[in-house]
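Notes follow the structure.
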Amino acid sequence: MEKKYILALDQGTTSSRAMIIDEEGEVIGVAQEEFDQIFPKPGWVEHSANEIWASILAVIAGVLLKTNISSKEIAGIGITNQRETTVIWDKESGNPIYNAIVWQSRQTEDICKQLRKDGYEDTIRSKTGLLIDPYFAGTKARWILDHVDGAQERAEKGELLFGTIDTWLVWKLTGGRAHITDYSNASRTLLYNIYDLEWDDELLKMLNIPRAMLPEVRPSSEVYADTVPYHFFGEEVPVAGIAGDQQAALFGQGCFEKGMAKNTYGTGCFLLMNTGEKAVRSENGLLTTLAWGIDGKVEYALEGSIFVAGSAIQWLRDGLRMVRQSSDSENYASRIESSDGVYVVPAFVGLGAPYWDSDVRGAVFGLTRGTEKEQFIRATLESLAYQTRDVLYAMEQDSGISLKTLRVDGGASANNFLMQFQSDILGVPVERPENKETTVLGAAFLAGLAVGVWKDKNEIKKHWKLDKRFEVEMKEEQREDLYDGWHKAVKAAQAFK
């Protein structure tokens, strides 16, 4: 039987999905399973690692049954995962010693405060490209070792293993034969030197993490090990591709050249720009991260996040009841020529890159007696585009690379008004692909390259299909006037504390 399909596993924050992708890069079938969110205390978020694993087994079975494709036809498995979420488990039994601590969880704030107090910020920044924040995996591992009796001692003896979700899934799928991660996930731990490409002794000492518990770091596209037959319907199938979700989306968008960038419009926005084989150190509070490692070399990316994007549209729907469903926002915004000087600064939880102001709160400016809900809705949508320009401008400043085109995905990328305004306010075209499942595609492409379904990146590029290209329609003078108004609004919001 010909092995012509790739199985892509997308292990996310609220659910796990499995998709089968054919040689043309088309999604043949999908299965999805949600799992419980655990909130032990305010600000803490945990998952059961065993429940995540059970959900993965369920979606693998589900997608094969749904598509009537045999496990014998699967050429390889690609994995993409919620980044930073951390698991520590017993090497012998395979049982986690504590829940997985999720990327959103703030329970390691005290560890972060101590690192800042001890003056580690510059060391961490210069070696990892990251900031000291509970977001990243290293402090989560430290917390588990501190809070589970005897864990530190057992870790030092080599009895415990650490991993992000990709590592946990590969370990389980291969029956414990492979304890590995890829470059993109390793670069989110605070423990990995992204320049020397190795676990860093100084960083390990700083958090007192025993080297014995760390996975081997491997390329993002490579056959790591085969599944054990009892986990894959009697078949040994190569696990052959891994990337963290945002890097996988960059790959799935075909952003292979230096200077190509993508924006994922989800609850927040994640912007990544490929900076090629050179790591760019940001002067604007952006993260420097490994994009992927393929063909014996690594490529880097700059990353910026916007805290509030799609959630601002949800706020219009659920909080203000201005729209019945999120998609209605496009119709309202398109009815008027402009937002008539109204600006919404959706700083509901502070502002992310490049402002990094956690104290600022949401604000609305420029209201008059003539302001109607159309202007309010339009200004809210426009705020997503302004924030995107803020981050991309910071990326251009840091990298010295001018953006030629922005590729987009995620829920709000379906909003034609927003995408046109995004192009206008950036002054570059915006491209939306036919297949919005770019994260899953990225994992599939990485695995398919390793097992020979696709020959090289050039072949993959052909499978990126354009849905719509939004060309710039706004004159530069108008663009700069609008953007100047946005900056005034942000400054005014920051002054109101």
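Cβ atoms here come from the backbone N, Cα and C positions, even for glycine.
Site annotation (Swiss-Prot): sn-glycerol 3-phosphate is bound by T13, R83, E84, Y135, and the candidate from D200, D201, D226, D245 recorded at this site is D245. Here the binding-site residues are T13, T14, T267, Q314, N415, and the one whose Cβ sees the fewest other Cβ atoms within 10 Å is T14. Of the listed binding-site residues, namely S15, Q246, the sparsest CB environment within 10 A is found at S15. Cα of N415 (ADP binding site) to Cα of Q314 (ATP binding site): a distance of 14 Å.
Each of the recorded positions R17, R83, H231 was scored by how many other Cβ atoms lie within 10 Å of its Cβ, and the smallest score goes to H231.
The secondary structure of R17 (ADP binding site), as reduced to three states from DSSP, is extended strand.
Comparing Q314 (ATP binding site) with Y135 (sn-glycerol 3-phosphate binding site), their Cα atoms are 24 Å apart once rounded. When the CA atoms are compared, the binding-site residues lying within 10 A of Q246 (glycerol binding site) are R83, out of the candidates T14, S15, R17, R83, Y135, G411.
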